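Straight out of Swiss-Prot:
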- Gly12, Ala13, Gly14, Lys15, Gly16, Thr17, Arg128, Gly169: ATP binding site (BINDING)
- Thr33, Arg38, Glu59, Leu60, Val61, Gly86, Phe87, Pro88, Arg89, Gln93, Arg130, Arg141: AMP binding site (BINDING)
- 32-61: region 'NMP' (REGION)
- 127-133: region 'LID' (REGION)
Amino acid sequence: MKSRLLFLGPPGAGKGTQAKLLCENQGLIHLSTGDLLRAEVNAQSPLGKEAALIMNKGELVSDEIVLSIVQKRLSADAKSGWLLDGFPRNLIQAQSLQQLLENVSQPIQAVLLIELDDETLIKRLLSRGRSDDTQEVIRHRLEVYREKTAPLVDFYQSLGILVKIQGEGDVKDVALTIRSALGLVM
């Protein structure tokens, strides 16, 4: 079984939902960079204090800090398998992450790209009822995603580890498709 995984996909594709299901089903550790950052800040670790200073200014935490936090978590207890969600977001981050993981002998084994058409994504995001989920904002987020993520798709495809998943259908169907693609269905 592939036990070092990364999820990619546009906003509304169901990455978080599918990551949670797969981790529960396979006993993987779900590494959400947002959750890891918040945990470091709450623990007031040196990395957390540095991240808090940046976050309190409304700025993005540097790639170096995020990579350090990911590395710390991986070396702690993620040897048995993990799924990384929410990072990387651009090609430089992907290349840095790949180097880091190779250095600790934990290279990514599969990158799951959940694909959906824009209209389905927009419908899903609008149904969440969040105040910032207007059609205009959602379309802009999709544009930004495509601009930043297209190079990641090519990068991981060139490494031979990209697996495309059709995200249409209900949660259980997509989960089954993912497990099947990873060879987890008998």
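From the backbone N, Cα and C atoms, a Cβ is placed for every residue, glycine too.
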Summarise the model's confidence over the region 'LID' (127-133) as a mean pLDDT value.
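Mean pLDDT for the region 'LID' (127-133): 80.
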Using DSSP, what's the helix, strand and coil tally for the region 'LID' (127-133)?
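Its residues divide into 1 helix, 0 strand, 6 coil.
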Write down the Cα-Cα distance for Glu59 (AMP binding site) and Gly16 (ATP binding site), rounded and given in Å.
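A Cα-Cα distance of 23 Å.
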Among Gly12, Ala13, Gly14, Lys15, Gly16, Thr17, Arg128, Gly169, recorded ATP binders, what is the largest CA to CA distance in Å?
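Overall maximum Cα spacing for these binding residues reaches 17 Å.
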Which state, by DSSP, holds Gly16 (ATP binding site): helix, strand or coil?
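In the DSSP reduction, Gly16 (ATP binding site) maps to helix.
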10 Å Cβ neighbour count around Phe87 (AMP binding site)?
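Excluding its own Cβ, the number within 10 Å is 21.
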Between Thr33 (AMP binding site) and Lys15 (ATP binding site), how far is it from one CA atom to the other, in Å?
13
Using the alpha carbons only, what distance in Å do you get between Ala13 (ATP binding site) and Phe87 (AMP binding site) once rounded?
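Pair distance, Cα basis, whole Å: 15 Å.
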With DSSP assignments reduced to helix, strand and coil, which class does Thr33 (AMP binding site) get?
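Where Thr33 (AMP binding site) sits, the three-state DSSP reduction gives helix.
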Write down the Cα-Cα distance for Gly169 (ATP binding site) and Glu59 (AMP binding site), rounded and given in Å.
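A Cα-Cα distance of 36 Å.
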Can you give me the same-chain residues 6 or more apart in sequence from Gly14 (ATP binding site) with a CB-CB distance under 8 Å?
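Ile114, Arg124, Gly167, Val171, Val174 - these are the non-local Cβ neighbours of Gly14 (ATP binding site), listed in sequence order.
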Using a Cβ-Cβ cut-off under 8 angstroms and a sequence gap of six or more, which residues of the chain neighbour Lys15 (ATP binding site)?
Phe7, Leu8, Gly9, Asp85, Ile114
Pick the one among the binding-site residues Thr17, Thr33 whose Cβ has the fewest other Cβ atoms within 10 Å in this structure.
Thr17
